[in-house]
Amino acid sequence: MTPVSNPPPKKTFLSTTVPKDFHFSTDTRVKSSTSCNTEKEVDFVSQLRKPSSPAKARKGATVPKPFNLSRGNKRKAEEASAYVPMAQQIEQFQKRTPTRYHMHSRRSQERGPATAKGNHLKLTQPHSPYLMTRQRSRPPTVKCSAELEAEEAEKLANFKIKALELNRKILEGAEDLKKPAVKEPTVPEGFELEIEKRLQERQATKKPQEDDEKPQNFKAKPLPKKVLEGVVGLPEKKVANPTVPESPAFALKKRVRLDRKVEEVKQPSPVKAPPVPHFGLPFQPRLPENHRVEVCPFSFEQRERERKALREKKLEEKRNEEIPQFKAQPLPDFDSVVLPEKKKLEPTKPEPFRLLLDERGTVKNSRWEQMVKEEQKHQEEAAVFKARPNTVIHKEPFRPKKEARPAVGNNSSIVVEAFELATERRAREWQEYERVTSEKEVLRAHMEAEQRREEEQRQKEEVARLRQEQVHKAQPIRHYKPVAVKKSEVPLTVPESPNFSDRFRL
C-alpha cells in the first residue's frame, strides 16, 4: 500500500470577459451607399442655389467696388525707395533676429486663444458708381492766336536795341597816330647739319690715303755673302759621348727583402658568464615640500617717474634751441636779363665699326699665311735631293710570262661564256613556286581527309556505345540474410506511486 498524500491545490478561475460594442469613426460619416438606398424628397428649387463644393461657398454679403475703367492692365513702375548701401544692408541682416526666436509675452499666453467672432451679415448700402470718366475732362492747352501775338510783342519789347553814345576821345586821339617802325628783313642762315660735317671730315681723311696708294716699284735686295761661303740656317751636329759600360747592380744595400706575412690564428675566447643585470635603484617617493609664495607689491611709479623725466628733458632741449631768424632775399634786377649760356654740342666723332666679319677676316688671313708658310717649307724640303740606295742590281731581271688561254679554234683568243636570259630564270622560278604550292595543297587535302575519317570513326564509336548503354538488362533477385528476432534482455519497469511535494500547497 502506498502512503496517502495531500490532494492537489484547486485552480483559480479569472472573471469572464465582458464584451463591448465597437465604435468606429466611420459610423459618424455619411456614406454614399446609404443615400442611394433611402429615397428622400428633394426640393429642386433649393438645390439650384447651393454651391457645388463647400470651398466655393460664399461668405458674407457682396461688397460693391467702384469701376476703374481708365486704368490699363500694365503694371506701374515701383517707386524708387531710398538708397541703402550694401554694407548697411548686410549689417541690418546680421543684426535682425528671425521670427522663430521672438519671445511671446506672458499676457498673450495667459489670455489664451482669441474667441471666434461670429460673422453677422449686414445690409448692403448702395452707392452710386464713381466712374473714372469724370477725371478725363482736361482743360484746353492750345493757345489762341491773340495770346501768341501778345507774347511775341512782350518778347520784342524786352529785347530792344539801345545805341551807346559816341566816345569823343576816339576822334581826338586819331590825329596823334604814329607810323609803326619798319622791321629789318629776316636774314636767312644755312642749316648746319651733322651729316655735312661728317661728309667733309670723311673727304679730308680720304685724301692722304689716295696719296699712299701709289704704285710701288720693285727693288731687289742684295744677295747675302754668307750663303756663298757655306751652309746657313742649319744647327751644328752634336756628337754624342760614348756609353760607359757598368756592371749590373743586382743586390744593393737600399733594397730590403720583405718577408711574407704569416696569418695569425686567433685563439678562441674563453667562455664568460654574463653579468647580473642592474635594475636600478628602488622607487623612493618624494615628500611634498611646503612652498610659500612671497607676496611682492608692484607698482608703476618708477616707470612713470622715468617717463616724466625724459619728457621734461625733451621740453628743455626744445626751449634752448635757437629760433631761426627770417632773412628776405633781394629782388632780382629786371633791367638786365641774364640768360644761361647756350651749350654747344660737340659734333659726333666717327669711329670705325668693329664688325665680327673683320675679326673673322683677320683670323682667316692669319691662317692662310701660316698655311702658305708651311707649304713653302714642304716645297723647300722636297727640293733637297737625297739619293736612294741602288737595289735594282740585286733583283732578278724581268721575264714576261705567256698567258694560258684555252684553244677554241685555230689561233683564236676568244673565250665563249655561257649566258642566261631573264625569261628563263623567271620561268624556272615560276615552276618551282607551282611545285611547292601543289605539294602544300596535296598535304592539306590529305590532312583534311584524315581528320574527316577520324571524326566519322569517333561518331560511329559514340553511337555504338550509346546503343549498348540503352539496352535493358534485368538485374537478378538479391537474397539477404534472414532476420532473427531475439528476446529483449531489458528488465521490466517496477511501478511506484508518485511522491508529490507539498511545497506549493496553499
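Every residue, even glycine, has its Cβ placed from backbone N, Cα and C.
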Residues flagged as region 'Disordered' in TrEMBL, choosing from 45-81, 452-488: 45-81
Correct range for region 'Disordered' (source TrEMBL, candidates 225-261, 336-372, 373-409): 373-409
Same-chain residue ranges lying at least 6 outside the coiled coil (433-469) that approach it to Cβ under 8 Å: none
For the domain 'TPX2 central' (121-250), the mean pLDDT of the predicted model: 78
Cβ-Cβ under 8 Å with the compositional bias 'Basic and acidic residues' (373-383): same-chain residues at least 6 beyond its ends: none
